[in-house]
Structures are given as structure tokens and as C-alpha cells.
Amino acid sequence: MKQDKSIKNLTALALKRPVTCFMLMISMIVAGLISSKLIPLDSWPAVNAPAVFVSTSYPGSTPEEIERLITKPLEEALVTMSGVNSVTSRTSSGWASLTLQMKFSTDLNVAILEAREKVDMVRHLLPDDIQRLHVMKFSTQDMPVVELTLLSDKSLNNDYEFLEKNLKMPLERIQGVGRVELYLRQPRIWVQLDPDKLAMHRVDIQQVTRVLQEANFLKSVGEVQTDDYRYAVTPQGQYRDIEDIRAQRINERVKLSDIANVHYALSERQWQRRVDGQPAVGLDVFRESDSNVVDVSNRIRETLDEVMQKPQLQHIDIQYDRDDGNSVEVSISSLLKAGAIGAVLSFFVLWFFLRNLKLTGVVVLAVPVSLSISLAIIYFMGFSLNMLTLIGLIIAIGLLIDNSVVVCESILQQRAQGDSGKAAVIEGVDKVSTAILSATLTTVVIFLPLLMGDSNFLTVMLQQIAVSICVPLLVSLLVAKTLIPLCLYRVLPDSAVENESMPDKIQQKYRKALTWGLSHPKRVGALFLIMFVSVTLAKSVVDKSSSDAQSQKRQQIFYEFKGEPDLDKKLAFLQQIETYLLDNKQSLGVKKVYSGVSERGAWTSIRFVDDLPKSIDEVKKDIRDNFPESAYAKASLQRELGSRTAVSVYLFGRSTAQLNDLAEQLIPVMEAHPYFADVKNSSEGDVYEMQLIVDRQRAMQLGVSTQEIATKIGNVMRGLNLKTLRTLDKGEVEIIAGYYEQGAIPMEELKRLPVMESNGAILTLQQLVEIETRPAPRTISRVDRQTQLSIEMNIEEVSHKEAAKAIEEMMNAMTLPRGYSWGLGPKFAEQDESMKDMAFNIVIALFLIFMIMAALFESLLLPIAILSSIGLGFVGVYWTFALLGIGLGETGMLGMLVLMGIVVNNGIVLIDQINRFKGSAEHLQQAIVDACSTRLRPILMTVATTVIGMLPVLFDSSSADSGVLDYKPMAIAIIGGLIFSTITSLAFVPYCYYLLYRLGQGTSNRLAEARAYANQKLSRLS
């Protein structure tokens, strides 16, 4: 065939020009070594999430008020943007956020500009005192490169300036660092107005804030030209220090210090971080987008090691919660370790089969050469060396040696048949050229379906893995056609190599078993039919498995509070669970306990040791059974983000209060069902809201508008953000004016709030309003302008399909009010979509593999025999996961896709050899047995080296420890499926070939008889 001739020419050229071949290879290897130093290192590839985020804060406001004043106007404006798929919003006390899910092909820079224009168009509809509106996108490079936790035996809550000077500022000066966030209460200037003094001096708060805003300014008004110079004119009225603020005159008779206490104070305590039951302070470091993550991380560590030597910092202990640079270095070290271990183990496996050190060394040479050249290609393609490309390279290590093994075995067989010198090498490569080309292409084309169809975040990520697998495989094909034959020609003596073949007992047993199978096709067919049917049982077990590698490492506890308890009350409940976890560290296998509490909720994250003292399900049960009972709080165990067992149900309707009532009816029913655990209301229930109902008639009689009263109350509750004060020692400090400094304002303070009449007389608030208390939603969620509530839960030992059916039965038994509906959460849809996508990818991959093999073998029947090995591989995968009792997961499914391209290699080698033996044998059965027995050794060698190469990946713990992506399920799928498929396909592929050949011959004979009969009839008629 044409490709055989070109391959033969390529091998002959390498043998004819050995120096040229060596120089080309060396130059590419050197380029790879240089590229390994130049290639960017990163934790993740730079990918923008296809979304635009809009958020703002409005302190002191209720969710319903923010929804009416801010969220809905923004939704109406932003939904008209081009490229928007959906708009979701979440509104809580003092905060509103909107997410615009865009089409993946959308230019986010243009989308952000359009979003800002839309926001500006409705800016006049929003409250005047609203704080800044943030419009942004999210990229993987926006995540912190290093996350630190500061621990001390002394409280650090009041040490913002100290930590800023000694830790934050030195980190900000590091080359490559973009910004540093210190999560601690910051100093600010508090202008605490006294309502009694305001009333006494007949001064209104609006008058005070207007004066303070207008007095604190810096403005450029132009330039003045003199004979010699040009000067910029900047009128300055900025406050120089806090005394300037105190001395500010409100009118001719009143200074600010007469009606307010102006002083430095810390911002309100809104959160607290804890580690192993101890208060902690968080510090995150972000890098510049074009900086090297490893270099920045190393500089951060060096700087911290230096500054922590200062005596004033000796009481502080720093813990690294996240270090992307270290994770990349660990992954690179893991790659080198896996490659070294895989190469060494492969060397001994090959030596076991070949029993010749020179031959073994030449074949193993394909691994470092292919990897080195691949690094150069990946670098010039513009890829970085990140978690995903490293995973691909680790997987590829186990596959790089396959082509070289087949080539080496074929050359040895030619030498054993009497050929010598270049002729043996060229003929040996030529005989397997179709097989190794087909094997490589079938592995590469399985990734094409990932590039077909709509692009999304997952496919973009998987492209990184695909490229880092396909490039080394294609390079290994080139190496197997040029460098390996050249080296074998140089190291092999002219005489035939004394090479021990496969032990006679193994080969004889294989020949005997294969002969029996071909002689008893019905029994063999029944046996394999049972195998294929049994996969349904294994699949049902795998679908119900909730345990995975990630759940063995970490669990998350979330807390639901009734009403609005303060931070101390939330903290008291959280500490009870922390105490139990820390007191039972050994029995539960707890490694670390992280907690956080804020105004919006609380959480506890549990990290487990590698070897748990009992199963993860038993550990979870113990933790649940020891949750404290409380009238105001409830704890629930949830998986971390991305867990396949954390699902939700959505309720839709007009009223959040009504949705909460429906949720309260539904949650007990779900908790009683054995399929579900840790059921919780995502909106965290209601809080109590105090409504101030204005007496409109009295307000009108007194000349006070309701809007004026509302503004007054808002200023009291929220305070007013004034312009900042720039100081040398404290930097830029916020100026806040209000009545009450910390926390919620006392009821009595609110009641005696002065409201000025139009004629100058003073009345208090309680003379103009009636006070009522009612429940109100804590959080309001909306999807595409429809109010939504989510009920979250974990599913236990059941598939998503069974869980969805159970939910449907419960919802059908429940009567929803008119205008209200429900729907399954995105996890159910994602599961269905992932299965559909997987099925689509498998079908397309099968079709592409079939096309390649049909073209190379010039047959439509032979590829069917080869494809049977894929089915056997899937049987092996599902039974492996079923016996291990773990779920398949996304990485396991990706492993199945990779497996499709690997398992067909055995079938290709067998069918190619059978075709060569078929013409010289008297009987087809004998040809099949002879051909398969001669290819037994190279098949076992390639499978052994592939499995051995994957073992370091299987036993490597760095991926699961990093919490980024666990690729053990991928290794399990490849190893389990490959071993099972190899053992079974050695019998089933020849069996399928035998049946298909007989079917083809029978069909041809019948067609020939039909043609002869037709010709006979036509001759008689004539």
C-alpha cells in the first residue's frame, strides 16, 4: 500500500543517512530540553468562565428592598445584552449579585463593556447612596496563587495596621505579585452623630453629610502659563488629619465636634476564620497574569521566611492553605518520578521478555526521546505546563513504548527467519507498519469528538489533556519508524540473535485454548454473551457508588440558622462541632479542621488522613449522629463543590415566603426517605424584619414627606460613606458618618431618632410611625427573572436516575399553589448531559476508529472483530469499579475514552498477522492459531509496559492531596479495562474474525450460486 511504501522509504532513509537521522533527533531533543526551561508553568490553563458578574453592596437593607430597588432594575437592563443565555441573581441583606451566563464564544471584554453601558443606563433608577457597582469576569488566573492562614496565641483582630506593615506591604513589593488581600477589620474614621445634640442645635444629618462631602475635595481646574513655566492649578480642600474633620464647621455656630464624636474605629466584625478550633486571619496573594506561578510562589516563600525572622512576628505562625506554585512543582516531580519509575519497571518487564540488555535499552529509549521532543512541540503550540497537560503526559508515558516494542519484535522475527542487515530491519518495520500506524491513529482520533460540537469550559480543559497525550504518541510513532530501527541495526550483530521466546508452556496452553475455542464457537459465544450481559449488573453497582477518592479526603459541614443570631451565637454552635471533631481526631481520621463564620452563614471543612480507620460512610454517620441539637441552628454534612452526590431540587413561584413554606413541608418528607441525607433549605429560612409604617396623615399635617422619613431611617441604619482621608501612617482611610457604631442599632435609639419638621420643630420617629415585626426571607434567588428556592441534599447509595424518580413521586404527592412549579437541580441535568455526551463521544470515536481500520485493512468486516475488544474493555472497567466499590466520575469516564484507543491495538496486531498467515496456511483455523501465537509476546509486552507505566499514577497521592483533580479513577479505568480486554480479546478477537470470515465466505458462495443460477436461466431462455 502507499503508506507502507512511504514508511519503508522513511526507515530506509534513516538507515541510509544515520548521521543525519541522529543529528535531527539530537537537535529535537535539545530543543525539548531548552523548551522545558522556557515553557510557562501554571496551575491551570488560562480560561475565562463564560459569564459576567455584577455585584454591589447596600448595607443595612433587607433582601426585599434590595430586590425591588437594585436587583430587578439591573435584571431588566442586563437581560437585553447580546449573547446572554441566562441571568441568575442572589439578593441578601446588604448585598446583591447577578450572574450573566454567556455563550462560550462571546468576547468577554466586549460583554463587560456592554454590561457597564447597560448599568449606566439604569443608574438613575438605583438608590443615590448605593456603593460602587462591580462588573467583572472570572478567569482561572484570578484565583490566589497562595492562600495563607495566620495563627497566634494572641488575638490578631485589632492588628490590621501591624500586619499590613510587616506582612502585606512586603508581599506587595514582590515582583510578579498583583495584589494582597488581608481579611481583617480595617481602621476607619467614624463620625458618630449624637441625635440629642443634633436636635438641640437644630441640625439635620443631610446638612452634615453635605458639608463634609463638599469640604473634602481635590480637583484639577486647568493650567496657568507664566513666562518661564506652566503650572497645573489644583484647588485643595482635603482633610489633612482627623483634627481637620473635627474642626469642620457645619454652620456659623456649630462645629462637627459639637454634634459628633469623631474617632478612629475598626470596621464592623463580619467574619471569623478558624483552624483546628483556634481563631485565625486569612491572607491571599494574587499574581500578575503574565508572571510565572512557580517563580512568584518561591519569592513569596522566601519573603515570608525573611520577614518572619523579625522579633515582633515571633508570636505568629503561618500555614499554607494553598500554594499553586508548590502544587505545580509537586506535579512536575510526580511526572518525573512516574516517568522514571515507569521507565525502570518497563525496562525490567521488557528484559524479562527479551532477555537482552541492548535490545531492552533501545526500546526503552523511546520514552525519554518522545517526551523531550513533545515538550518542544507543546511549547511552540503555545501551551503551558499545568495540571491538565501534566496529567496527559503522565498517561502518555505508559503508551510511548508500544510502537517500539512491536517494531523490535517484528525485526527480531525477520532476523530469526534468516534475513540480515538492513533488509531485516526494513522488512520488519514494513510488516507492522499498518498495525502501528492504525494503533496510533485510533488512539489519537478518540479525542476528536471532544473538539466537535459546542465549546464549553470542560471541552476547553480536556483539549489540554488531549494535546499532551496525542503529541507524544505521534512523536513515538516517528521514533519507532526511524530512531529505533536505526539503533537496532547498530546494536544487533550480523548473525541471528539468540533470543528466548515466550515460554513454551504458556504458548502451548494459549494455542490449545484458542484451538478449542475455534472448534466450539457456540460455547465460546455463550460465554462472551454472559460477559457482556453481566456488565449491566456491574454498572448498576457503580452508578449507586457514592464513594470516590475526593470524598475520602474532605467533607464540608454547613449551618442553617433561624432568625438572625449574631456572630458570637453562631460561633458558639460551631465550636461544639469543632470540639467533637478535634476530640475524636484519631477515631474519625481527621487531619485538619477549617471553619468560617460570617453574617451570611457558617461552614466547617474537614480534611481526612490518607488511611481512614473506618469507611467514609461510617465516619459520616458518626459525625451526623453527634451534631448538637439546637432551637436556633441546624448542621448538615455536604460534599465539597463538584461532588456527584450533592444534588438539589428547585421550587419556582412569585413569593419567597410562600416558597419557604413549601420547603418546610417538603424537607421532612425528604429527610424520612432513605435515598436522601443532609437535606437543607439553601435560602436558610426566614429572618425577622421590623417594619416601620408611616402615619401618612400625621406626616402630611406636620409637613414631613414619607420619603424624607425613609431616607432618615436609611442613614441611621446604614451610615453614610463619605470621601476618604489620606494619611501617611494609615494610608487611605474611609470616613463613615452615622448614629450607631457597631452592629444593629438599639430599639430605643431608633425610636428617639429626631425627624425635623418643615417649620423647624423637632419630632422623634416614634411619633410618626408604628412598629411591626414579621418574618422575611434571608436570601432571594431568581433565575431568568423568576423567584427560585433550592433544596439541597446528598443522595445515598442510589443512582441519579433513582433519586430523580423518588423526588418526582414526592412532588406529585404534593399540591403546589397556582403559579408555582418545581424542577430538578443542575446536577441531574449534568448527569444526563454527561451521559449523553459520553455516549455521543463513544459513538463518534467508534465510527472514526472503524473508518481508519477499514481504510488501512481495505475491509468492512475485519474492523468489527477489532472493535469487539472495546466492548470487553468496558466490561472490565465496570467490574473493576464495582469490585472496588467506587463511583466512575468524570475522570473515570475520560479514562474509558482513552481506553478505547488503547485496547484496539491488540486486535489490530492480531488481525494484521492473521491476514499475513491466512494465504500460506492450508486451513483458516491453523492460520489463526499460528498468527495469534506469534503475536502473543509483543501483545503481552505492550500491555505490561502500559499497565506498569500507569501504576505510578495509580499510587501517586499528590493529585488527590492537591484537591484540584484526582486522576486515579482514570488510571483505574485504563488498567482494569486493559487487563481484562487483553485476556479476553486474545480469544474473542480471533473468534470474531473466524465467524466473520465464514459469514463472508458463505455470503460470497451464495451470491456466486445465485449468479450461476441466474446465468443458467438466462442461457436457457436464449
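Any Cβ shown, glycine's included, is placed from N, Cα and C.
The following features are taken from TrEMBL:
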DOMAIN    364-490  domain 'SSD'
TRANSMEM  21-39  transmembrane segment
TRANSMEM  335-354  transmembrane segment
TRANSMEM  361-381  transmembrane segment
TRANSMEM  387-412  transmembrane segment
TRANSMEM  432-451  transmembrane segment
TRANSMEM  457-480  transmembrane segment
TRANSMEM  838-857  transmembrane segment
TRANSMEM  936-955  transmembrane segment
TRANSMEM  970-996  transmembrane segment
Cβ-based contact of the transmembrane segment (361-381) with the transmembrane segment (457-480), 3 or more pairs under 8 Å: yes
Close approaches to the transmembrane segment (838-857) from elsewhere in its chain (Cβ under 8 angstroms; 6 or more beyond its ends): 1, 3, 434, 437-438, 441-442, 445-446, 448-450, 452-453, 863-864, 866-867, 870, 893, 896-897, 900-901, 904, 908, 911-912, 915
Interface-richest range of 21-39, 432-451, 936-955 toward the transmembrane segment (387-412), CB pairs under 8 Å: 936-955
Outside the transmembrane segment (936-955), six or more residues from its ends: residues with CB under 8 Å to it: 334, 337-338, 341-342, 345-346, 349-350, 353, 394-395, 397-402, 405-406, 409-410, 501-502, 506-507, 510, 902, 905-906, 909-910, 967-968, 970-972, 974-975, 978-979, 982, 986
Per-residue pLDDT averaged over the domain 'SSD' (364-490), given as an integer: 82
DSSP-derived helix, strand and coil totals, residue by residue, for the domain 'SSD' (364-490): 104 helix, 1 strand, 22 coil
